[in-house]
Amino acid sequence: MGEALKYSIMDSVRSVVFKESENLEGSCTKIEGYDFNKGVNYAELIKSMVSTGFQASNLGDAIAIVNQMLDWRLSHELPTEDCSEEERDVAYRESVTCKIFLGFTSNLVSSGVRDTVRYLVQHRMVDVVVTTAGGIEEDLIKCLAPTYKGDFSLPGASLRSKGLNRIGNLLVPNDNYCKFENWIIPVFDQMYEEQINEKVLWTPSKVIARLGKEINDETSYLYWAYKNRIPVFCPGLTDGSLGDMLYFHSFKKGDPDNPDLNPGLVIDIVGDIRAMNGEAVHAGLRKTGMIILGGGLPKHHVCNANMMRNGADFAVFINTAQEFDGSDSGARPDEAVSWGKIRGGAKTVKVHCDATIAFPILVAETFAAKSKEFSQIRCQV
């Protein structure tokens, strides 16, 4: 091989290996972690996540997006030509905030995240809540009896013989559900009487509000939702112990052989889909934000409602599901954009993390950090 050819090959190889880079200085965050030589400062440690990389950065982005939800005011937008005089008023525009939808699965209420949810609802930091049947019943049951820490590896057959139910590494004594039945059946009795005598048409959200009223316990997020008039939607109300109780009650008050004559307690789901979609449709001038923990029913129900207004403006998903099986749980925000459930220019992120880890940290750096602002009544348009 001649010298000229050798150098030509080397130049060609070097040009490939050492390809000239685009300059990222100033346009991208530099990756660096927290310096513990500065001592232990948890606020600074959390702030450093955005520059740490991987899911730490996604959590940092989620914190930033939620803070954008909380900071947004209509005054940040220019008035449209057709807006009313009231809508042009500076004070009015400053009072209009982002409408926040919070969705979560039942296991998070089984866990200590229930107390984080209760804090948000207690202080009116969210506007609409969507959960599963377990997310309703577990909140109520915890007012009657505790859930305990167990272990993921405890054998099911042994636990069954002891009357202990396992949720991951949590243990729920079966007696808790007996206490739940003793508490809730008389409430259903009263609701049935109101249905017959006062022609009350119950929807899942009305049932949930009533249960929040009856439990009358400040540790319950449903109690605070009732007190603060925050709607809690659960289209799958029958899927869980709550459904078991409704099933038992249907034999007590209804006539299984003649359901057309006496169906027992009736719950109208159509009324709630109108109410839920209306929360998005009638958001009016407000932007909407979605914070969704876990997947499945709550995730889709919140996203689908926001489709009715051409998509949410902010979205934070926190779950460990993957998109490769085509599940809604695993779908990234961009898939929701294709359906019109999230707007094309929306601020979005998915944090691939157990919500029991990520969500309390997120709340600490967002809602809780701005708690004084929530002492004032948030605008309801």
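Our numbering is plain: 1 for the first residue shown, then up by one each step along the chain.
The backbone N, Cα and C atoms fix where each Cβ goes, glycine too.
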Swiss-Prot spermidine site partner of GLU137, GLU138, ASP244, GLY326, SER327, ASP328, GLU335, ALA336, VAL337, SER338, TRP339, GLY340, LYS341, selected from HIS282, HIS300, HIS301: HIS300
Nearest recorded site to GLU138 (NAD(+) binding site) by CA-CA distance, among binding-site residues ASP244, GLY326, ASP328, ALA336, GLY340: ASP244
Number of other Cβ atoms within 10 Å of the Cβ of ALA133 (NAD(+) binding site) across all protein chains: 22
GLY340 (spermidine binding site), number of other Cβ atoms within 10 Å: 16
Set of same-chain residues at least 6 away whose C-beta sits under 8 angstroms from SER110 (NAD(+) binding site): GLY134, GLU138, THR147, ILE167, GLY168, LEU170, VAL172
ASP328 (spermidine binding site) versus binding-site residues SER106, LEU108, ALA133, GLY295, ALA355 - nearest by Cα: GLY295
Cβ-Cβ neighbours of ASP244 (spermidine binding site) (radius 10 Å): 15
Count of other CB atoms lying within 10 Å of the CB belonging to LYS341 (active site, nucleophile): 26
